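Here is the structure we will look at, set down as structure tokens.
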Amino acid sequence: MTTQSQFLVNLSYGGLASQSNLRANNRVSPSSCQITRTNRSWALPVSFKVEKFQLQRGRRRRGSPCFGESEGLVKNGIGDADGIIIVDHGSRRRESNLMLEEFVKMFKEKTGYPIVEPAHMELAEPSIKDAFSLCVQQGAKRVVVSPFFLFPGRHWHTDIPSLTADAAKEFSGISYLITAPLGPHNLLLDVVNDRIQHCLSHVEGDADECLVCAGTNKCKLYNSS
């Protein structure tokens with residue numbers, strides 16, 4: 001019988017509301033991890049419990065809509081008329097922007113989704129408007145904007161929705177959705193641990209630099225003075 005355990009996720013964001021007003025300004029639903037805006041300030045909960053489920057008969061049980069382990073395993077109709085935009089912040093460094101293009105290429109090959117475009121929120125092209133237009137040109141009737149951000153902040157609450165709405169004004173009959181950022185997803189635990197282990201192996205001389213660090217000479221041990 002599948003057992004259920006819980007772990008505590010601590011989140012804080014001081015740029016939009018003080019912690020003293022946190023619980024007064026927002027209502028947190030433990031089952032959906034959604035935050036309801038009740039005044040003009042956005043805030044995140046100081047802490048909340050997230051359910052975690054183990055495997056049962058070879059597949060994962062459906063977990064929380066925001067943080068469940070089963071995210072991405074239940075298909076919900078991504079088809080030929082859907083376009084996906086993966087948007088990051090954008091950088092003045094060309095190398096950083098090229099990494100998003102490489103990630104989008106990997107994502108498209110892995111998922112088989114026909115319409116996937118990269119976009120940068122600012123500082124670089126293609127913009128969200130550019131990517132939205134490319135999706136529509138390829139036949140998309142619904143555009144899914146996926147922020148390549150770890151946690152929700154001003155860019156997710158305000159900037160990306162505003163830029164996407166402006167892009168959508170150019171077209172009629174096109175719907176769009178802005179998904180949640182990555183958040184404390186269970187799969188990210190493995191990603192972070194893998195990165196740590198690889199970099200430790202590199203500084204010990206047992207592994208080459210990863211693609212992110214390659215040529216930067218950043219992945220090395222520093223000694224405090």
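Note that Cβ sites are derived from N, Cα and C of the backbone, with glycine treated the same way.
The structure displayed is predicted, hence computed values, not measured ones.
Per Swiss-Prot, transit peptide is recorded for 1-46, and the stated evidence type is sequence analysis. Marked as Fe cation binding site by Swiss-Prot on the basis of similarity to another entry: His89, His155. The annotation [4Fe-4S] cluster 1 binding site is assigned in Swiss-Prot to Cys199, Cys210. Marked as [4Fe-4S] cluster 2 binding site by Swiss-Prot on the basis of a curator's inference: Cys213, Cys219.
When the binding-site residues His89, His155, Cys213, Cys219 are ranked by how far their Cα is from the Cα of Cys199 ([4Fe-4S] cluster 1 binding site), Cys219 comes first. Proximity note: of the listed binding-site residues (His89, His155, Cys219), Cys219 have a CA within 10 Å of the CA of Cys210 ([4Fe-4S] cluster 1 binding site), given in sequence order. According to DSSP, Cys199 ([4Fe-4S] cluster 1 binding site) sits within a helical segment. DSSP classifies Cys213 ([4Fe-4S] cluster 2 binding site) as coil under the three-state reduction.
Cα of Cys219 ([4Fe-4S] cluster 2 binding site) to Cα of His89 (Fe cation binding site): a span of 23 Å. Listed in sequence order, the residues of the same chain lying 6 or more apart from Cys213 ([4Fe-4S] cluster 2 binding site) and placing their CB within less than 8 Å of its CB are Cys199, His202, Cys219.
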